[in-house]
Amino acid sequence: MADSKSDSIEGMPHLPTDTERGTKEGVAEVYPDHTHLSKAALINDEIDKFGFGKYQICIWFLCGFGYFLDLAWAKDQEMGVPAGKEGLIYTCANAGLAIGALGFGIITDIIGRKWAFQITCLITSVFGMLLAAPKYNYGAICGIYFLSSIGLGGNIPIDATIALEFLPQKRRAMVSLLSMWQPVGVVVASGIAYGTAAKYRCDTTLPACNAVADGEACCTVSMNMGWRYEYIIIGAMTLAVFAARFFIFKFYESPKFLLSKGKEQEAIDVLHKIAKFNGQPAPTLTVEMFREIDRANGVDPDAEAGRSHAKNVVAGVIKSVGHLKGLFFNKLELFIFALLALAYMGDYWSFNLAGSFLPIVLLKNNVSTGQTTVTDTYREYVYIYLPGVIGAILALFSVQMPLLGRKWSLVLSAALQGLSMAMYTQVKTTAGYVGLNALEYIMQTYFNAVLYASAPELFDTTYRASASGMLSCLGRLAGIAAPFAGQAYLAESSSGILWLGAGGIWLSSFVMIFLPVEMRNRQMY
């Protein structure tokens with residue numbers, strides 16, 4: 001977080017004022033003598049000169065594919081599920097997503113963006129395709145889905161972090177538009193499922209063969225290959241994304257990450273490579289400029305370099321984990337983290353309540369979802385989820401508007417999402433259900449687009465991915481708990497669940513009112 005411009009005085013970039021970063025003491029806790037902020041400002045200047053070039057375009061699309069995969073994998077099916085165990089696969093998936101978000105978020109700030117960017121897709125694709133292997137083994141399917149979800153869980157926080165660190169200041173709003181890939185992922189996955197799971201499947205009245213005696217009519221593996229074909233196809237698509245990230249596109253480590261690790265020359269080298277890829281003049285930034293900043297702040301650059309090279313691997317890892325102190329010992333950053341944690345938890349709470357209980361609520365109210373046939377089911381998916389693209393487009397424009405920006409876009413979109421969810425209590429027709437569900441998903445995509453893009457902006461490079469991963473993890477945990485809380489209201493009053501879900505996202509809207517920093521016109525360090 002910092003200023004909207006970098007005024008240079010004798011080669012020194014402008015540092016943020018007290019109101020721009022909280023307090024000078026808060027800055028000193030994270031970056032002694034402001035040296036890091038000064039150096040990061042110089043890197044920002046170079047990235048701004050690149051503009052939205054070929055390298056940035058490639059990064060945006062590859063990160064977009066990560067968003068695409070996030071909801072494309074949100075499907076499952078198996079025969080012979082034990083009574084009362086139907087929800088186990090959802091719990092395993094959410095647990096994997098939570099662990100993946102937390103683990104990869106922290107790892108990304110330790111070993112770098114490059115390997116985490118690539119390995120998440122590899123893990124998801126390998127274990128995702130393995131889902132087709134088990135026969136009548138629901139436990140194995142849940143276990144493999146858990147492992148696949150670990151890779152998937154790291155996608156959103158890592159991809160948003162990477163996109164932000166490579167985009168110029170004036171194009172950072174493009175990170176919000178990445179969320180358009182999520183509804184597209186649902187629609188594409190639904191189309192794949194329509195041609196596979198819906199076509200090559202058993203009659204729903206047939207029991208699993210492991211649940212009946214020999215000779216009785218049952219659903220065999222060969223009769224029910226459709227959902228396996230679906231997972232193989234989506235897994236192959238995920239593997240293709242990994243191949244694009246690893247083999248086709250030459251991904252360079254984030255210059256800001258390298259700078260945070262003291263690898264100043266490597267950071268400059270990356271800037272030169274990006275400039276060459278974009279066909280632009282070489283950067284004018286040199287290591288000597290960084291050393292001038294060190295000397296101006298009373299730091300001996302030669303001594304610092306010597307300590308950096310002397311540290312061993314174990315000591316380096318221990319020191320790397322210590323990067324989190326900048327988050328938890330800076331009052332401003334900790335306050336922002338707490339607000340965002342409540343926002344994430346309210347968001348995932350609301351989403352999972354709606355996903356778990358809305359169909360049941362509609363049945364209690366004698367409202368049909370309109371999904372009487374397989375064709376109807378997938379047509380409704382398109383009607384409901386494809387308009388989510390509109391939400392991402394709304395986010396792109398609203399975050400750049402002076403009266404809204406990131407902060408009030410979050411407040412407004414969350415409030416409207418809660419309102420649309422509360423309105424479910426008045427749904428009386430199938431058309432009303434479909435239309436309102438589409439509206440709710442537009443608002444949900446709008447809110448998530450701003451939230452996923454704004455959260456990494458609000459934290460510094462040393463712990464940006466870690467903070468984003470922890471926030472996503474907390475959201476996933478709230479999503480796991482939400483259905484258990486909703487069950488208590490199901491027997492008493494079906495509308496109580498809807499108000500519980502609306503209350504969660506309204507909490508998100510309320511806490512965002514107190515967000516102390518607006519990043520619309522500020523640099524991101």
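Start at 1 and count along the chain as shown; that gives each residue its number.
Each residue, glycine too, has its Cβ placed from N, Cα and C.
Summarising the annotation, TrEMBL assigns domain 'Major facilitator superfamily (MFS) profile' to 37-520. Per TrEMBL, the feature region 'Disordered' maps to 1-24. What TrEMBL lists as transmembrane segment is 57-75, 87-108, 138-156, 177-197, 231-252, 334-362, 382-399, 473-491, 497-517.
Between the transmembrane segment (473-491) and the stretches 87-108, 138-156, 231-252, 497-517, the greatest number of Cβ pairs separated by less than 8 Å involves 87-108.
Through the fold, the transmembrane segment (382-399) approaches residues 173-174, 176-180, 182-184, 186-187, 190, 405-406, 409, 412-413, 434, 437-438, 441-450, 453-454, 520 of its own chain, all at least 6 residues removed from its boundaries and within a Cβ separation under 8 Å. Contact counts against the transmembrane segment (138-156), taken as Cβ pairs under 8 Å, peak for 87-108 among the stretches 87-108, 177-197, 231-252.
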